[in-house]
């Protein structure tokens, strides 16, 4: 069995209830293998370098569980020194930090999708984005989509889970991400992906697609939340919580269970699904 926790939008030096999101106890109880971070790891503008004290103050000092953390990069991370988060020097400071551009672990493919969003390139406002190794945008996005499509097509995993930062479907403040709906969603549907997991919206939500088996799970409640926005879309909203919290997942060859927890670690929503061992989608 694979057991993991998922949390996003958290890095605020303990503020906005970050230090109260009670993942440690849940992690011990579930015997988790690792933690997935859905991005926006350090507010407001990422890290300034590998020696930025925000790394210790927002991560090392606040999270005490021994499990490693596998983060994707969010838009706030791209406003700082992105290469610092990817630098192996941080893994020397804290061996739990395992941040890479993308990787596959069992059933999980992690990849950040901020370079997809045209707005960050064309209208950055007062922000400076670090696009090293992802510019020019068109080439990077094209290669990423091809790489993802090939990886999913070749995967022998019974469950296919894709993790990014931005929403595809969301009923909260940011809503749907048009670029991902247009470019990424068709690949996920064609390759029979089971779950798309993201942060970006500071809430917890489960939305079911009306057109495929794909389920959209948002776990972006790691710190600042309570935005007071609920705008339903055409998909099936199964759960929505406009507050802090996190998510757990337990995966076996035949069963997958998702649980959302509030800031105190209390379970507030559970959903599960099963696959027959002879299921044609592998």
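If you go along the chain as it appears here, the first residue is 1 and each next one adds 1.
The backbone N, Cα and C atoms fix where each Cβ goes, glycine too.
Taken straight from TrEMBL:
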- 9, 40, 43, 202: Fe cation 1 binding site (BINDING)
- 40, 75, 165, 200: Fe cation 2 binding site (BINDING)
- 3-203: domain 'Calcineurin-like phosphoesterase' (DOMAIN)
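Residue 165 (Fe cation 2 binding site) counts 30 other C-beta atoms within 10 Å of its own C-beta, drawing on all protein chains shown. Nearest neighbour of residue 9 (Fe cation 1 binding site) by Cα distance, taken over the binding-site residues 75, 165, 200: 200.
Taking a C-beta cut-off of under 8 Å and a sequence gap of six or more, residue 75 (Fe cation 2 binding site) has these contacts in its own chain: 39, 40, 114, 117, 120, 165, 166, 200.
Every protein chain considered, the tally of other Cβ atoms within 10 Å of the Cβ of residue 202 (Fe cation 1 binding site) stands at 26. In the predicted structure, the domain 'Calcineurin-like phosphoesterase' (3-203) carries a mean pLDDT of 92. Close to residue 43 (Fe cation 1 binding site) in the fold, though at least 6 residues off in sequence, lie 11, 12, 76, 223, each with a CB less than 8 Å from its CB.
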